[in-house]
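*Asks:* Straight from Swiss-Prot, here's the annotation block:
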| type | residues | note |
| --- | --- | --- |
| DOMAIN | 322-675 | domain 'PUM-HD' |
| REGION | 1-84 | region 'Disordered' |
| REGION | 677-753 | region 'Disordered' |
| REPEAT | 206-244 | repeat 'Pumilio 3' |
| REPEAT | 284-325 | repeat 'Pumilio 4' |
| REPEAT | 526-563 | repeat 'Pumilio 7' |
| REPEAT | 564-599 | repeat 'Pumilio 8' |
Amino acid sequence: MVSVGSKSLPSRRHRTIEEDSLMGERGKSSNNHSERNKGMRRKDHKGNRGFDVDSSKKNQSGGAPNVKPASKKHSEFEHQNQFVRKEIDPETSKYFSEIANLFDSNEVELEERSVICGNALEETRGREYEIATDYIISHVLQTLLEGCELDQLCSFIRNSASVFPAIAMDRSGSHVAESALKSLATHLENPDAYSVIEEALHSICKVIVDNPLDMMCNCYGSHVLRRLLCLCKGVSLDSPELYGAKSSKALAKRLNLKMSQLDDNNLEIPHQGFPGMLTYLLSGLLSCSREDMKYLQVDQYSSLVLQTALRLMLKQDEQLLEIIPLILRCNSTNKKVEGFHIETNVAKEILESMKDNSFSHLVEVILEVAPESLYNEMFNKVFKNSLFELSVDRCANFVIQALISHARDQEQMGIMWEELAPRFKDLLEQGKSGVVASLIAVSQRLQSHENKCCEALVGAVCSTNESRISILPRLLFLDYYFGCRDKSTWEWAPGAKMHVMGCLILQGIFKFSSDHIQPYITSLTSMKAEYITETAKDSSGARVIEAFLASDAATKQKRRLIIKLRGHFGELSLHTSGSFTVEKCFDACNLTLREAIASELLDVKVDLSKTKQGPYLLRKLDIDGYASRPDQWKSRQEAKQSTYNEFCSAFGSNKSNFPKNTFVSDASEDAAQEIEVKNTRKEIDHHPTSGFKRHREKHAKDKDEPFAGEKRSKQKKNKTSEATDKPKLAGSKRPFLSGEMTGKNRHSNKMRI
């Protein structure tokens, strides 16, 4: 048996001689195991069956017809920095296998583990590329990097800096590179470690900026590069939004469904990061020719790198005014002419490339972060008079949605209205309902063309000689209706899934004043009781009913809908989405209907208590109190509502944005309308995508109770701010992307020209 421990696993650096040079046949390894540990296996990337790094270079962009899949320039630099792997000798393989077995046994003490990690990392000196890219040993190396001390980690990074891009572009090596960056991020809480970490990062960035195109266009390398950008910024390395994923918050903002705007566009930065290093790295990534940038725009992986870089520079307008012109391949701000300008020929190129999948994603992000002057220039020079043409394109329609959502003023809203509103029917028929939803949302946000938008949507769904009573069912089943050949014979589709975007459009519609949406209100309240019940059971349709109950529609109209749900509240409460509708109905109805709801929930109390949402709903509606003492329960309900009505009267309900209702008792049903109680679950109720689950547990706690980790986050933030609160040296202002780094001061953003 082999004895394994810190003493039996010393560093074997004395055995490393000239064989450490990077020579030998690429791809060979002595670790030809017949069977590999399933727990150590990594998933293949889609479309990538082998281990060859070159296979990851393939451009998988959607591709505009005028864009070449790869430029001649790229084919030249694509193979400039190829490394060949040397075989791993059996003794080295055995050494790391013993370490893996030792760590798996969980018999190593913390101090001994640190010594083993240090010795093993020292063993990789001069052979970092071979060991990091070995499919088996790379797993062990990841464990070592995650468990070593900071000085050992930084030493490994500095030693491997010259081959770091090659490691990052390898299928196995990319995981090692990411582990190294993640491990560095864990030490950022220690202010004393910043200088050491910055030195290690500088050694990596210096090599990357010498030839960034290879790494940007590689499927593995681009992912590592995005993590490196996040680390330099000081943000979480695992934020999905920074890796191209569209979050529910982004969709909520786009469709104007978000209640609070306080946290819009706020990027959580737990650490101060390395602003000088970020500037240096971005300068190197963007210092390429116009021809190279044309390729980077449409390459799947480099586009993601550019998107991450733009999101990290959010609200830094001065820097964005330098970065975005470089990405769009137009000249930076002309000093002789005030403001930012896009030439006509460049605007045409941007417009033609917009139909490319990767470039369309990139332009979406540009529109999200663009300063007002740049947005206005793009709107007038690129998009104006081409909105409908782009709206019906498979990729460009998402760009138009982003453009509409970030409209600055009513004048722009008017231009978009003139080009798109007359074509609402065409957009819906071609499945581009997202463009319609975005225009309706921005109309409500800018308070412009509200009535016209509502009327245009009615005209798109119902012909002139048709009754408007069918507007709601057709929007609920938008795809079924427009997919029907003979629309005059279309009927309600029982049991079918309701259209998510159609329901989102209706949620936006019910945010308008009731004066603009009477056809929609009439259509909803005129639906058959079984249709109303089916809508409430659907996860998307339930949100439409909730939006209607939260609107400023008349009290009698809301009551008419709630009455049609009578007899089904118990059944609805057993559904996760339906339980929210039950709660909304309870808040919006009179005492008689509240009793009916409580009675129905009491009948299903046993089954309801077993569901995820049941305990909260039973407690919120006080079903136990109703069961034991119904008279006292009724008195409490009246007292609660009366107290709230007095509060609204005293503090000016006319200025409130909340909807009104007067369902206190039977005697007060026809009185003046009052404001609906603000729902403590507003974030859940206004969740933008109906396919997502809504959870009650986190809302059942006291509102004043801080979220887990909130106190700790604030303490860390204060500590960091105190550590970085130093007087800034006065000096001349330099361009953001102006060249090379000057020194290693992390507080400096200046670069040599």
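Residue 1 is the first one shown; counting continues down the chain.
The backbone N, Cα and C atoms fix where each Cβ goes, and this holds for glycine too.
Remember, it's a predicted structure, so these values are computed and weren't measured experimentally.
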*Asks:* Taking the repeat 'Pumilio 4' (284-325) as the reference, which of 206-244, 526-563, 564-599 gives the largest number of Cβ pairs under 8 angstroms?
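*Replies:* Selected stretch: 206-244, with the most Cβ pairs under 8 Å.
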*Asks:* Averaged across the repeat 'Pumilio 8' (564-599), what pLDDT does the model get? Just tell me the whole number, please.
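*Replies:* Summarising the repeat 'Pumilio 8' (564-599) by its mean pLDDT gives 94.
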*Asks:* Counting by DSSP secondary structure, give me helix, strand and coil numbers for the repeat 'Pumilio 7' (526-563).
*Replies:* 29 helix, 0 strand, 9 coil
